[in-house]
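Engineer: Handing you this structure, nothing more for now.
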Amino acid sequence: MPRSFLVKKHFNASKKPNYSELDTHTVIISPYLYESYSMPVIPQPEILSSGAYSPITVWTTAAPFHAQLPNGLSPLSGYSSSLGRVSPPPPSDTSSKDHSGSESPISDEEERLQSKLSDPHAIEAEKFQCNLCNKTYSTFSGLAKHKQLHCDAQSRKSFSCKYCDKEYVSLGALKMHIRTHTLPCVCKICGKAFSRPWLLQGHIRTHTGEKPFSCPHCNRAFADRSNLRAHLQTHSDVKKYQCKNCSKTFSRMSLLHKHEESGCCVAH
């Protein structure tokens, strides 16, 4: 930084600031109007016109707060802060006043809410019940999650098949099902139709003799991948299909059926 911008300021460390010379400003906000004690008033038309609250009085002075109160008035137990003390509103009865000043009775719902707020244990003991299935929950969040299930079920659309009576929750599932009726994949060699393209490809290999899926354990090859997976089970050590007559085990159910149909082991 250039030296022309530097300002040298002498500070006297021995001189301490006198905080008693500073004025203290205490702002007191109260919903009550002390008519016998004249004070500056901040006009607030929206409050004064309603008639529900008295004008807001403001003290700005360096004297202590207790010295400002009129005779016969003492500070009430309110909310303490650095700005002063705010007196609480008077206790309310079972009736309330509207903006016109007339009394209107409190509804049953408001009275029930006030009684619950005064007793925290009443909220915990209350059961939240679903108005659709009468199922109860101990918390409101649990009831809200349960009602979401009702909303999802009601908003869920069902798509019906025009060829049969089946219904699906998604349009994509319905389109896949309709292909089983229309069979759009047709073999050009024999005219056989299929619902899926990969089924047609596996069928065409039966005409061409192509067997691209070979077994890594033996020299057998297959035209379809699913046939290879079934063949690999014969090389597995796990053989969970057992013959009831000779207790011989097999890795595939189809091999067990062939064994039973051959009649090699007849029960005596």
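Here the Cβ of each residue, glycine as well, is placed from N, Cα and C on the backbone.
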Engineer: Could you tell me which of the ranges 59-81, 128-150 is annotated in Swiss-Prot as zinc finger?
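Structural biologist: Within the set 59-81, 128-150, Swiss-Prot attaches zinc finger to 128-150.
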Engineer: Can you say which of 1-24, 241-264 is given as zinc finger in Swiss-Prot?
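Structural biologist: Within the set 1-24, 241-264, Swiss-Prot attaches zinc finger to 241-264.
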Engineer: Taking DSSP states H, G and I as helix and E and B as strand, how many residues of the zinc finger (185-207) are helix, strand and coil?
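Structural biologist: Breakdown, helix to coil: 11 helix, 4 strand, 8 coil.
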Engineer: Reported in the order helix, strand, coil, what are the DSSP residue counts of the zinc finger (213-235)?
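Structural biologist: Looking at the zinc finger (213-235) with DSSP, the answer is 11 helix, 4 strand, 8 coil.
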Engineer: Across the zinc finger (241-264), what is the average pLDDT of the model, as a whole number?
Structural biologist: 81
